[in-house]
Amino acid sequence: MAGLSFADSASLHEGRPLLLPSSFRESVTFKDVVVNFTQEEWKHLDPIQRDLFRDVTLENYTHLVSIGLQVSKPDMISQLEQGTEPWTEDSCIPVGPLEDWKKRAGNSVSSLELDISEEHLFSETVVTNSKRDDGSLEKLQANQQMLPREVQITEKTAPTCESNLSVSSSFITQTEVALDQPSTKTRAKQNSHPVKKEKLCKCNECGKAFTYCSALIRHQRTHTGEKPYKCNECNKAFSRSENLINHQRIHTGDKPYKCDQCGKGFIEGPSLTQHQRIHTGEKPYKCDECGKAFSQRTHLVQHQRIHTGEKPYTCTECGKSFSQRGHFMEHQKIHTGEKPFKCEECEKTFTRSTHLTQHQKIHTGEKTYKCNECGKAFNGPSTFIRHHMIHTGEKPYECNECGKAFSQHSNLTQHQKTHTGEKPYDCAECGKAFSYWSSLAQHLKIHTGEKPYKCSDCGKAFSYCSSLTQHRRIHTREKPFECSECGKAFSYLSNLNQHQKTHTQEKAYECKECGKAFIRSSSLAKHERIHTGEKPYQCHECGKTFSYGSSLIQHKKIHTGERPYKCNECGRAFNQKIHLTQHKRIHTGAKPYACPKCGKTFRHCSSLAQHQKTHTEEKPYQCNKCEKTFSQNSRLTQHQRIHTGEKPYKCSECDKCFTGSVHLTEHRSTHTGEKPYNSECPQTFSQSTYLTQHQKIHSGEKLLGCEDCEKAFQCHSALTKHQRLHPAVAAVGTSLT
């Protein structure tokens, strides 16, 4: 064979076809440098090995075309370019001279498992030539990364169908075929030339070097953005054929990798391997800093960034950085507004497929994750993990500023914003800023009125899924959160946390205006509105504003007439749970609040507080119009309506208006005939004040005395009527002690 000239070598390097003598072209074909696999053999290759095989085969074919050795495109090349699997039928694999190989191996077995390593697939190739001039040889050797590489195939077991794995030495001088038994892990090395591991392939963009040319080609796609593998269904493109094949299974629904434990299917083999660690509990990746172990290496890498503080993913829109690529991708959808994943049940859209999957479990009621401690089930793994920390008390995330620990990293991140005061999320409607995106999303529902979460028991709708979960506990009366100190149970974790502080008496949040301390930061924020006069919650019906959201919710029930809390004794309904609790004491006769001065007992804490002012004569609330003082702010508000003439409470039956809600409630009983207040005798009353007056008949109590004749009466109205009998009518009766 004639030697390659310097010009020929340059043509090869520049990618131009290199025409060789006909004797050389006839001696080497694509079949001489290709390895065929059956479907069974192909299954034994992992994704990295398959991808490696594709790159090597395509590269070899490209070089054959470049030097003029291949004209027509083989079917295998078309399959590889389209991203399909290139295995062939058993009958299509030619039977070749493997007898010598079997004799050398000294073993005969039944099934074939191919272990193709990158080291073997990319071992150096030497093109022999007896008459090359030294200059051409040096140039050709400098460009060896452009030439096909040798293929070394390690066979773990021999095939039932003998494959022709011999390669013509005219083009590739040496092909290693070695037997590797799984029990011995030793290979029969038949190549006299050791594998070279110099990193000769260097990227011109970033300088990174690679041992193998195909690895450099894959790497360069990160700079060029080249994605040659395109999906015919959705036109999405990929840089690697293996990624295209996995993606196409999304369209076909093919999940060939099944879990033996639970039957769950997966698109990729590595996903199955990771999933199986849930059943085995295997966590092979351990953090050197804190000793925490993980089932996936990617999770360890992400976790280690907590210690290093590394945030390699930066948003070009707002400059915010993230430690995880998934969080970065999710964040970018905030700017684009992209929500590609849609629920077919309620048409709600999501930025992530995992969020859609978890949301769909709301419709199906599926709860696959069960707690072994208490038996409670959850529809998502993250919710289950958070719940499990309640039992273990684990709080691995600690704030560097104040030392407070949290069970979730997201809670730590949110907490740290209390130190920095950062509020990066602004509402476009009202301009209000929030520390967290989730808080902004919840706030936006106030403007839109969106309530996608509906209770199946009573039909009530909620803006947030968590609110629906909490509401359902009214029907189920579930109280899953129990205090370890006193055994008291609560429906909500926040209530338990608040209650536990009563044991420790911890009041960490202090008001800068008056020095009053609070257990919760939210309580401090509400208290501060007393000083600022801020009332951010407005009723759309009447325009009235409130300091607290809960007050607005309660107020709205006046307009809607909603009364969800019903008394089982008399059927009377209330718009607030606390009113029902107070009402039940009428039936039970419970008066848990006692005055320490005189021992008088009351059903309500507010009644006790009002009564105690009779001992101190404290009346801190003064009317600006007539300077009359009151012991309660509500009494002052009601009194001021005398001056303004305001009567905001209207009867839906007769349109009569009243200054106070209590008066409206009492008036409604005239229409319904309802008399819910009863005492020792069978007599019932429509108003609690009538009952109080009546009970004095049984007790013989007469507290109001006439100044003229010292006659005593049980009620103020009776005293007023009596005083009209005297020539000089007194204005006010005095209280007897």
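Easy rule for this one: first residue shown is 1, then count along the chain.
Any Cβ shown, glycine's included, is placed from N, Cα and C.
Here is what Swiss-Prot says about this protein:
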type	residues	note
CROSSLNK	Lys185	SUMO2 cross-link
DOMAIN	28-99	domain 'KRAB'
MOD_RES	Ser117	phosphoserine
ZN_FING	257-279	zinc finger
ZN_FING	313-335	zinc finger
ZN_FING	397-419	zinc finger
ZN_FING	425-447	zinc finger
ZN_FING	481-503	zinc finger
ZN_FING	509-531	zinc finger
ZN_FING	537-559	zinc finger
ZN_FING	565-587	zinc finger
ZN_FING	593-615	zinc finger
ZN_FING	621-643	zinc finger
ZN_FING	649-671	zinc finger
ZN_FING	677-698	zinc finger
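With a threshold of 8 Å between CB atoms, the same-chain residues lying at least 6 positions outside the zinc finger (397-419) that come near it are 306, 386, 389, 435-436, 521. Residues of the same chain lying 6 or more positions beyond the ends of the zinc finger (621-643) and with a Cβ under 8 Å from any Cβ of it are 610, 613-614, 659-660.
Sequence-distant neighbours of the zinc finger (537-559) (same chain, 6+ residues past either end, Cβ-Cβ under 8 Å): 526, 529-530, 575-576, 648-649, 661. Here the zinc finger (649-671) has, by DSSP, the following mix of helix, strand and coil residues: 11 helix, 4 strand, 8 coil. Count of Cβ pairs under 8 Å against the zinc finger (565-587): among 257-279, 425-447, 509-531, 593-615, 649-671, the largest is for 593-615. For the zinc finger (565-587), residue counts in helix, strand and coil come to 11 helix, 4 strand, 8 coil, using DSSP. On the 0 to 100 pLDDT scale, the domain 'KRAB' (28-99) averages 65 in the predicted structure. Across the range of the zinc finger (481-503), the DSSP-based residue counts are 11 helix, 4 strand, 8 coil.
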